[in-house]
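Shown next, in structure tokens, is the structure this report addresses.
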Amino acid sequence: MVRMNNRAENDVRPVQVIWHFLKQQPASVLWQRGDTKILAAVQPTSGSFQVSGSSVTVQHLDWLKATLRPLLVTADLTITVTCLEDGGGLLAELFNAAYCALNLLPKDQRPQQVAAAVTTAMVNGASVVDPDQVESQQATSLMTMVATPQEQILALELSGQQAINSSEFNELILRASQGVTRTNAQRQAGFERAVEPPLPVIDTDQRTIVIATKNPGKAREFNAVFATEGIQIKTLLDYPELPRIDETGATFEENARLKADQIAAYLHLPVLADDSGLMVDALGGRPGIYSARFSGDHNDAGNNAKLLYELTGVPAAERTATFHTTLVFAKPERPAEDLVVEGNIQGQILGIPRGDNGFGYDPLFYVPALDATLAQLTVEQKNQISHRAKAIEQLKQKWRAWIKA
Ligand SMILES: O=c1[nH]c(=O)c2ncn([C@@H]3O[C@H](COP(=O)(O)OP(=O)(O)OP(=O)(O)O)[C@@H](O)[C@H]3O)c2[nH]1
Ligand SMILES: [Mg+2]
């Protein structure tokens, strides 16, 4: 039989998926099969699993919730589905859309089970897969099936005006199984590209290290150290598509872990992060972890001006300060194994800046033993003595064994 839409009985309509459809809810997709268009988005919430929707009946939402629930590894989720256009097979496509969105969650929260849904129908006495809207209206019975690629049936929903006999039932099941396999293949091809993009070409033989920093001053210093070991440095400036990591921690270590763990998870690579800051004794240790945002965000001149202002009238002997760096090296998806090292350097905050090298507070940070500020040193000289250099020294002794472990 040739269908009115020129498809064979076992032909499903093409699928198009736009992954990460919503910018503010990255676990979202626009799922289109033929003229059926569904927007699905998943958000982490606490409490019980919720499914809400618009342009969808309560019965559809209840079915979707009951069908998805056994596939979830966590109930702390809310799924929102919106039917933009119903071109047939709505129930199955609601499932497919929601299932795709769930797969955009972090890996450990994705469904453990591979599953897809498809509709089959009896139309003019013949069984067809994935009926469009016209066929759905003509169908005497409709079946929606959710199944795994191994033909384990997870849900089955029958509707329509006419009862079906057991041979029709078997035909519908057979068509549905094939449809599920096809749907899975249709989804998987795009999914792998969207969710598991090809890894950046980086040597895994420890000749390249990714550093989760956007600070070019830090990058320069890391580069100088690692270049002598024949190791190339990449920074977040090489990966402009990565999201910003908010430094919400209460300590240098917490912030360095946030940067390293999250970027390692995104890149699927080992990642090194640096969180550092200036602790001024006369200011009770401030600006500390807030060194980058002491006066506006990353305004070195503003930060230095504020530091000088706050130290107005404080005599030289009381202007002692410590520069601190915590480095965290993280392996993807193994945050418990993070390698943590740190380094400090003592100095004094001058009243007038000196030197043009370095970055940040370097022109005000005076090292008595060298009779120079950090900004009066070359990168190589700063790398002999600085807080960062001391932390890197610790790292050098440990990282090769750690990365192999
Ligand atoms: O004179 C300096 N010599 C240094 O050697 C140094 N290291 C850090 N800092 C300052 O402390 C903030 C840390 O903040 P921070 O660790 O969050 O870094 P950041 O935000 O600049 O870059 P990122 O690595 O987070 O992308 C930075 O912005 C700098 O102002 C330094 N100042
Ligand atoms: Mg920062």
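From the backbone N, Cα and C atoms, a Cβ is placed for every residue, glycine too.
What TrEMBL annotates here:
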type	residues	note
ACT_SITE	Asp275	active site, proton acceptor
BINDING	Thr213, Lys214, Asn215, Pro216, Gly217, Lys218, Ser276, Phe359, Gly360, Tyr361, Asp362, Lys382, His387, Arg388	substrate binding site
BINDING	Asp246, Asp275	Mg(2+) binding site
DOMAIN	114-177	domain 'Exoribonuclease phosphorolytic'
>> Going by DSSP, is Thr213 (substrate binding site) sitting in a helix, a strand, or coil?
In response: coil
> Could you state the CA-to-CA distance between Asp362 (substrate binding site) and Asp275 (active site, proton acceptor) to the nearest Å?
Replying inline: 16
>> Same chain only, sequence gap of 6 or more: which residues have a CB within under 8 Å of the CB of Gly217 (substrate binding site)?
In response: Gly358, Phe359, Gly360
>> Based on DSSP, tally up the residues of the domain 'Exoribonuclease phosphorolytic' (114-177) by helix, strand and coil.
In response: 18 helix, 27 strand, 19 coil
> Can you tell which of the binding-site residues Thr213, Asp246, His387 lies nearest to the residue listed as 'active site, proton acceptor' in space, using Cα positions?
Replying inline: Thr213
> Rounded to a whole number, what is the top Cα to Cα distance in Å among the residues the record ties to substrate, namely Thr213, Lys214, Asn215, Pro216, Gly217, Lys218, Ser276, Phe359, Gly360, Tyr361, Asp362, Lys382, His387, Arg388?
Replying inline: 20
>> For Asp246, Asp275, Asp362, listed as recorded positions, tell me which one has the smallest number of other Cβ atoms within 10 Å.
In response: Asp246
> Does DSSP give Asp246 (Mg(2+) binding site) helix, strand or coil?
Replying inline: coil
